[in-house]
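Feature annotations, courtesy of Swiss-Prot:
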SIGNAL    1-24  signal peptide
TOPO_DOM  25-367  topological domain 'Extracellular'
DOMAIN    27-119  domain 'Ig-like V-type'
DISULFID  Cys44-Cys104  disulfide bond
DOMAIN    127-219  domain 'Ig-like C2-type 1'
DISULFID  Cys146-Cys203  disulfide bond
DOMAIN    227-312  domain 'Ig-like C2-type 2'
DISULFID  Cys248-Cys296  disulfide bond
REGION    337-360  region 'Disordered'
COMPBIAS  337-351  compositional bias 'Low complexity'
TRANSMEM  368-388  transmembrane segment
MOD_RES   Ser423  phosphoserine
Amino acid sequence: MIWKRSAVLRFYSVCGLLLQGSQGQFPLTQNVTVVEGGTAILTCRVDQNDNTSLQWSNPAQQTLYFDDKKALRDNRIELVRASWHELSISVSDVSLSDEGQYTCSLFTMPVKTSKAYLTVLGVPEKPQISGFSSPVMEGDLMQLTCKTSGSKPAADIRWFKNDKEIKDVKYLKEEDANRKTFTVSSTLDFRVDRSDDGVAVICRVDHESLNATPQVAMQVLEIHYTPSVKIIPSTPFPQEGQALTLTCESKGKPLPEPVLWTKDGAELPDPDRMVVSGRELNILFLNKTDNGTYRCEATNTIGQSSAEYVLIVHDVPNTLLPTTIIPSLTTAPVTTSVTITTSPSTSASSSSRRDPNSLAGQNGPDHALIGGIVAVVVFVTLCSIFLLGRYLARHKGTYLTNEAKGAEDAPDADTAIINAEGSQVNAEEKKEYFI
């Protein structure tokens, strides 16, 4: 009896030690998310382990690894690390069917387990845009649909036009036949105009499996519209005698045919002076008969449009020459006897010292006009000098004052003055008396 009692005590003591040691042993795992087709790594750790075995099993409770021994024949499952404190395995080429709850077991008494959930993300397929048929007429209502399949969870679709997001769209989500992935579609409705021609409409698919790199589909719009026409003159102030070019700018899709020019609702009246070259109308040597309304008309398969230009030919402005005022020459009574001589060469030389170039640069770059003005001024100056010389020559002679006239030696004085002249003849005829 004593031996049996001691054996029982030993057994309970061993069990107590085992239970006490196992209280610090517990497997630790983490949930894993992986993209379909990727590789998932499942890790189970034990901080305190007294050589107790670890095991991984799949959602179907099939053992994958028991310590370092592979239990399931699946080439996709490999051992990463096996020790008393860790058991890690990898599952490559993960599919949607691999998703579920995996179990790590620590074989203590009792057995302790930890769960790790494997989430598999379904990658959405490249989106496709439908509903566009080229070409589209200006003003038509367009409906575009963007669709993508195979996403898990359901993907998000966004629309952009000219890099600006469009919010007013319709969104539809449908579950695929495998009941695991989704097909998502979005519809965009808008009315087009000519500004939409050549614009890229983008459908963008956002999903957590794409690693911040969204998938996109693009549709470039082709819009047909009637031409728009504008006439641009080569000068804003056409004058008589000048040339004028009228350019007809026309934009449309399809491209407009060659433009048609008319004047006042009829054909151009003077084809020799009014030459049409492409989209330009060239009018040579404008005159008053060219006044009128010119019309440019452009046509394509969608329609036609026109623009008008009213031509008014202005007169050439007259250039006024500067006038020169010649002062009148008057004589005043002289109270002393004076002999006056003239030297035309001296006056001419003093006048010729004027620099004609000083007049240049005052009235713009018309050198011919400036030269004419200078010539007129010089001519008038020379004429004035000539007339002044003739006047002084005719009045040259000997003059006596009243005092000289009553003096006794007046004849001698006259003779002295006459002799001083030397070259004068008939001095008596040159005498003048003032009373």
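Counting starts with 1 at the first residue shown.
Cβ from N, Cα, C; glycine included.
Around the Cβ of Cys296 (disulfide bond), the same chain contributes Val229, Ile231, Leu246, Cys248, Ser250, Val259, Leu260, Trp261, Arg279, Leu281, Ser306, Ala307, Glu308, Tyr309, each under 8 angstroms and 6 or more positions distant in sequence. Here the Cα atom of Cys203 (disulfide bond) is found 43 Å from that of Cys44 (disulfide bond). With helix defined as DSSP H, G or I and strand as E or B, the domain 'Ig-like C2-type 2' (227-312) counts 3 helix, 47 strand, 36 coil. When averaged over the domain 'Ig-like C2-type 2' (227-312), pLDDT in the model lands at 94. Under DSSP, residues within the domain 'Ig-like C2-type 1' (127-219) fall into helix, strand and coil as 6 helix, 54 strand, 33 coil. Sequence-distant contacts of Cys146 (disulfide bond), defined by Cβ-Cβ distance under 8 angstroms and a gap of at least six in the same chain, are Pro127, Gln128, Ile129, Ile157, Trp159, Ser185, Ser186, Thr187, Leu188, Cys203, Val205, Ala217. In the three-state DSSP assignment, the secondary structure recorded for Cys44 (disulfide bond) is strand.
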